[in-house]
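Student: Quick one: structure below, then a few questions.
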């Protein structure tokens with residue numbers, strides 16, 4: 001297999017890796033054909049503009065939250081243990097209140113007709129600043145009595161956690177039975193987070209998981225297309241007894257959890273209704289309406305749900321809800337990238353450094369693929385040894401392509417060379433490369449993870465381009481170990497391709513470039529050893545098999 005085929009395969013791998021989502025977009029879930037009167041009323045309620053916030057600030061060891069005292073919305077959430085993508089001196093802000101972008105969590109109580117019973121009422125809190133004391137901090141917002149109902153909204157933040165419990169405490173003194181439902185929403189605009197680029201682009205938008213429909217992405221563009229097609233609002237509605245829904249972006253997520261791992265579903269009183277749509281104000285929302293059991297006069301009740309708003313740390317989210325780890329966006333190769341990351345994580349637990357874990361993983365992958373790559377490289381080595389004879393055939397027959405081809409095929413037979421012997425092994429390595437790309441690119445565990453020296457964040461590009469330059473050098477070295485091409489154009493390609501690949505890798509995460517560099521070094525060692533072995537066999541007059 002010559003270098004032209006080799007680079008072609010790697011180019012195919014990169015094209016597939018970068019363009020897969022565009023070539024094979026996620027199918028749209030089937031929308032419900034019609035809304036009920038209650039659904040339309042909920043939609044009208046959701047269209048209310050985001051009012052300016054009266055801030056209540058909550059600070060724990062993991063987050064700083066800003067809650068609007070009037071509406072009770074969670075309008076800003078700063079993740080204190082993560083740095084901003086564009087400025088490492090600032091913490092990462094997940095939720096935004098509309099100054100830079102809009103991304104908030106809202107919750108309401110609805111009557112039987114779908115009307116927000118707290119609309120225009122407003123909450124109040126005993127103080128404006130809360131901080132963690134002990135394992136938990138509770139923020140209680142109280143609303144004036146309305147319709148004979150006394151309602152409190154309670155946020156509970158837990159030490160060391162990104163789970164926020166949102167609870168309504170309801171006391172019915174209305175003189176009649178109250179039939180209510182709780183509506184929970186995550187609302188955001190379509191702006192992309194910092195750090196998104198052509199080579200480092202990940203999905204941003206709504207996601208939903210239900211046992212009936214499994215995991216689905218409902219992209220902003222899908223919702224926009226439906227809105228442009230003539231619908232006043234694009235909606236995806238379904239009923240479910242359990243699941244989760246929310247928004248994801250690169251490394252982070254926010255999801256309402258309908259059933260905690262090993263716990264009871266919040267939909268115990270009846271199926272919950274999930275609704276994903278583009279609103280009239282051009283904001284996008286994922287919401288779930290949870291029916292409550294009837295509250296008799298004089299009785300008390302509560303509606304409680306967990307919101308996970310934080311990093312997509314596999315070991316954490318896998319224990320929060322069933323299949324929540326699917327929100328970690330490995331693209332179309334989740335089935336392959338997920339076990340690769342599992343192995344990488346196990347190595348990290350032993351070694352304690354993600355960079356060295358990547359190096360050890362590269363060695364393991366190389367060892368597993370050795371039988372395949374060895375056959376490929378032996379084929380290339382035999383082609384390299386036969387290169388002078390191939391050049392002589394080309395010079396002898398000149399433009400007589402038919403005679404030239406026949407002579408070359410006879411040479412391949414005499415030398416026991418299979419010109420396509422290296423193709424299949426290289427093709428089988430493409431899924432490995434794509435899987436590793438997504439395993440390294442999508443994993444928040446590598447965010448801000450140092451290796452050594454100048455590499456302080458394996459999830460970002462090498463700031464000094466040292467690794468891409470080393471990678472280019474290793475690719476140039478490989479060209480001298482491969483069969484020299486007889487075509488002058490191919491010879492030029494051999495010199496240009498390492499430069500092209502290194503420029504592309506300037507923008508790739510340092511962790512991925514590190515993998516590629518180590519893989520190249522191992523390949524050089526393997527190819528050099530095979531070349532020397534075959535040359536020695538030929539020098540001794542042995543038949544090379």
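For all residues, glycine too, the Cβ spot is worked out from N, Cα and C.
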Student: Out of 329-349, 350-370, 371-391, let me know the one Swiss-Prot marks transmembrane segment.
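Tutor: Result: 350-370 is the stretch Swiss-Prot calls transmembrane segment.
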Student: Where else in the chain does the transmembrane segment (461-481) make close Cβ contacts, counting only residues six or more beyond its ends and a cut-off under 8 Å?
Tutor: 3, 200, 384, 454-455, 494-495, 497-499, 501-503, 505-510, 513-514, 516-517, 520-521, 523-524, 527-528, 531
Student: Report, as numbers and ranges, every residue of the chain located at least six residues beyond the transmembrane segment (498-518) whose Cβ falls under 8 Å of a Cβ in that stretch; write 'none' if there are none.
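Tutor: Residues 10, 14, 197-200, 354-355, 358-359, 361-363, 436-437, 440-441, 446, 449, 451, 455, 457-462, 465, 467-472, 474-476, 479.
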